[in-house]
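Only one structure is covered here, and it is reproduced in the block below.
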Amino acid sequence: MLGGDESGEAAATLPLDFGFEDVWRTFPRVSTVWYQEMEKQPLPTDDEKTDAGESEVNGYAGEESQQGSSSTRAGWNSKIEYFLAQVGFSVGLGNVWRFPYLCHQNGGGAFLLLYVLLMLLVGIPLFFLELAAGQAIRQGSIGVWKYISPRLAGIGYSSCVVCFFVALYYNVILAWSLFYLGNSFQHPLPWEQCPEHGNVTVKECEKSSPTSYFWYRKALDITDSIDETGSFNIYIVCCLLAAWTVVCLGMFKGIKSSVKVMYFSSIFPYVVLFCFLVRGLMLDGALEGISHMFYPKLEIWADVQVWRQAATQVFFALGLGFGSIIAYSSYNPKNNNCHRDAFTVSFINFLTSVLATLVVFAVLGFRAKNKVIECVVSNLKELSEQFHSVYVDQRLMPAFNYSDPKSVALEDYRSWFKQYGRFVPGNLTDCDLEKEMQKGVEGTGLAFIAFTEAMSLLPGSPFWSALFFLMLLNLGLSTMFGTMEGILAPLSDRFKTLANNKTKLTIFSCIVGFVIGLLFTQRCGNYFVTMFDDYSATLPLIIVVVFETFSVSWLYGADRFLDDIEAMLGWRPSVVYKYLWKYICLLAMLGLLLATTIRMFIARPTYMAWNQEKASEEYLEYPGWALAVLASLIVFAMMPVPVALIHALLQDRRNPRSRDTEIGQYSIVSTVDTPMTDMSELDHKNGVATSVS
């Protein structure tokens with residue numbers, strides 16, 4: 001598509017822009033190889049495909065066409081299905097437990113403005129690039145980048161490897177959610193109070209909190225460090241098996257089965273978030289929490305680390321580089337408005353993050369208010385004891401009724417403490433709501449400790465707990481479907497044998513994922529989840545997107561790509577995208593890559609551990625063997641890129657071929673609904689050499 005000549009005659013060759021060609025003259029040997037490679041045919045036009053339009057109804061595949069032969073490719077039944085899948089993948093657990101924390105720690109409203117800026121300049125253009133590439137070539141990530149150049153096939157394989165790493169630990173989080181969901185159907189909740197052994201409260205729980213104790217000791221039964229492996233946690237093993245079973249059943253028939261689950265899993269979280277928002281706004285302290293969120297601190301814009309965190313969040317929130325965006329868009333008809341989709345999905349994602357942040361701040365504001373009230377009560381009880389046991393100057397005593405602590409307003413206590421607190425003997429403290437709100441928590445700490453503690457304070461706590469963990473389960477499930485599609489679709493497109501046995505491939509992948517995932521069900525498993533979450537995806541995905549952006553905007557050519565999109569959509573996107581892809585996005589991703597790499601090497605990597613004796617969290621450095629595992633994850637994820645490049649160069653050296661036969665080496669394998677034929681083969685048969693669009 002995209003610029004092909006319908007008459008079958010060779011299209012006129014368009015020269016590359018002067019600056020890019022001038023660069024290649026500096027490297028004559030390399031430029032010749034790459035120029036010949038990039039000079040192949042434009043992306044396939046719809047007319048050149050094999051009667052794809054006959055199987056489409058209003059641009060989307062009908063039920064009958066989805067049951068076609070194995071030589072056709074699956075398609076969405078409706079635009080709603082596609083949106084549910086794309087939104088379900090991009091809106092995940094990070095929107096609930098990562099974005100609120102970043103907003104909390106980095107200036108509230110100022111961070112929101114910075115996030116929107118980066119989303120508009122970097123996130124949406126790259127999201128649009130992946131949507132357009134997938135929709136145009138109608139292949140998974142391997143097929144898309146190999147179609148652009150066989151030397152770039154490694155980008156798609158790296159995306160598959162990263163998706164597999166993410167799927168391994170992401171499903172463990174779903175297993176934890178299942179465990180908590182199962183424990184929510186009892187009253188009182190098992191994490192509301194500390195357990196007692198022989199009328200004596202368990203020391204570890206007494207030193208920490210009921211929710212922390214239940215998470216670290218009952219759910220994880222965690223060791224003190226990653227060096228201590230411990231036995232398997234049978235409850236988490238069973239929950240992990242259940243999680244992989246649900247994923248396997250949902251992916252059993254590809255997008256036809258997974259999208260049916262998404263009708264619930266993609267919509268239900270919004271219902272729960274709105275319920276929590278309404279309930280949260282009715283809580284004492286909710287308004288203080290929300291005002292803390294929106295209070296802008298513009299000075300944070302001068303902090304480079306804040307820019308890095310905002311860019312990273314934009315990057316992961318949209319799911320760039322995973323290959324799932326490409327896979328989902330590859331099932332679209334060629335005239336689908338992917339430009340509008342890019343903006344729609346991105347802003348739904350952002351608004352979901354804001355909604356989740358409102359909910360989190362409202363509920364955590366309620367939790368913080370309760371903690372400072374407990375602080376006031378505790379301090380006034382101590383003040384009363386001091387007054388009766390030791391001499392305290394009467395002039396230092398407060399004017400309010402300190403003998404009834406619960407009747408004392410927080411503002412009255414703080415006003416008295418600031419004036420006289422330091423002169424009163426004892427260990428009285430200032431009960432500061434602002435400081436309590438600043439004790440931000442993220443990730444599992446937010447979901448399984450802070451939020452569960454807040455819910456235990458609500459009337460009908462089992463109901464709210466079950467609702468919350470069912471929401472987490474559905475958020476994670478939609479993302480898992482997208483992640484698995486980012487693995488299965490590219491492999492099925494690339495290898496005909498796998499395409500003919502996709503159900504077996506799905507089952508086999510889930511079995512392998514469960515077996516390897518047992519690593520995370522050991523007592524030290526949470527530390528490996530942290531390792532995978534922090535290092536297995538971040539750096540490799542940034543590198544993948546750098547290669548994607550460079551290959552499309554410079555190697556293939558941003559102008560050519562816009563020509564292709566114009567032929568596909570019937571109108572040409574703004575030339576602004578050319579400069580965003582070639583300069584702004586590429587420089588931003590290179591800057592993020594540099595900042596992330598420097599941060600990794602400045603200080604030795606650490607992880608959050610639980611010390612059973614102290615009953616508190618502490619940061620520990622990874623041991624040497626763990627650093628080796630960490631490094632191997634990054635290297636293994638990136639290895640396909642240079643391997644594919646070297647393999648392609650060796651193939652070229654062993655089998656010198658004409659341009660026509662070279663571009664015909666890749667035969668596209670489709671799966672179920674929109675047929676597609678390799679254009680190089682058609683041109684070769686017709687004796688026509690395709691040219692640069």
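Counting begins at 1 with the first residue displayed.
Every residue gets a Cβ built from N, Cα and C, even glycine.
These features come from TrEMBL:
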| type | residues | note |
| --- | --- | --- |
| REGION | 41-72 | region 'Disordered' |
| TRANSMEM | 82-100 | transmembrane segment |
| BINDING | GLY88, VAL91, ASN95, ASN349, LEU475 | Na(+) binding site |
| TRANSMEM | 112-133 | transmembrane segment |
| TRANSMEM | 154-181 | transmembrane segment |
| TRANSMEM | 234-255 | transmembrane segment |
| TRANSMEM | 267-290 | transmembrane segment |
| TRANSMEM | 310-331 | transmembrane segment |
| TRANSMEM | 343-364 | transmembrane segment |
| TRANSMEM | 463-484 | transmembrane segment |
| TRANSMEM | 505-523 | transmembrane segment |
| TRANSMEM | 535-558 | transmembrane segment |
| TRANSMEM | 579-602 | transmembrane segment |
| TRANSMEM | 622-650 | transmembrane segment |
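Taking the Cβ of GLY88 (Na(+) binding site) as centre and 10 Å as the limit, one finds 27 other Cβ atoms among all the protein chains shown. Only sequence-distant pairs (6 or more apart) were considered; of these, fewer than three Cβ pairs between the transmembrane segment (505-523) and the transmembrane segment (82-100) are under 8 A, so the stretches are not in contact. Other C-beta atoms found within 10 angstroms of the C-beta of VAL91 (Na(+) binding site) number 27, with every protein chain shown included. Distant neighbours of the transmembrane segment (82-100): 76, 170, 173, 255, 258-259, 262-263, 265-267, 269, 293, 313, 316-319, 324-325, 328-329, 331-332, 336, 341, 344-345, 348-349, 352-353, 356-357, 360-361, 442-444, 446-447, 472, 475-476, 478-479, 481-483, 485; these residues of the same chain sit at least 6 beyond its ends, with a Cβ under 8 Å from one of its Cβ atoms. Below 8 angstroms of C-beta separation, residues 103, 144, 296, 300-301, 306-307, 310-311, 313-315, 317-318, 320, 325-326, 329, 338-339, 341-343, 345-346, 350, 354, 545, 548-549, 552, 561, 564-565, 568, 573, 577, 580-581, 584-585, 588-589 of the same chain, each at least six residues beyond the ends of the transmembrane segment (112-133), sit close to that stretch. Highest Cβ contact count with the transmembrane segment (154-181) among the listed stretches 343-364, 463-484, 535-558, 622-650 falls to 463-484 (criterion: pairs under 8 Å). Stretch with the most C-beta contacts under 8 angstroms to the transmembrane segment (535-558), considering only 234-255, 310-331, 343-364, 463-484, 579-602: 579-602.
A sphere of 10 angstroms centred on the C-beta of ASN349 (Na(+) binding site) encloses 24 other C-beta atoms. With a cut-off of 8 Å between Cβ atoms, the residues of this chain six or more beyond the transmembrane segment (310-331) that come close are 61, 73-76, 82, 85-86, 89-90, 94-95, 98-99, 102, 106, 111, 114-115, 118-119, 122-123, 126-127, 130-135, 137-141, 144, 156, 159-160, 162-163, 166, 255, 338, 341, 345-346, 349-350, 353, 482-483, 485-487, 489-490, 537-538, 541-542, 544-545, 548, 588, 591-592, 596, 673-674. Remote same-chain partners of the transmembrane segment (622-650), defined as residues 6 or more beyond its termini with a Cβ less than 8 Å from a stretch Cβ, comprise 33, 150-155, 157-158, 161-162, 165, 226-227, 531-532, 535-537, 539-540, 543-544, 547, 604-607.
Between the transmembrane segment (234-255) and the transmembrane segment (343-364) there are fewer than 3 Cβ pairs closer than 8 Å, counting only residues 6 or more apart in sequence, so the two stretches are not in contact.
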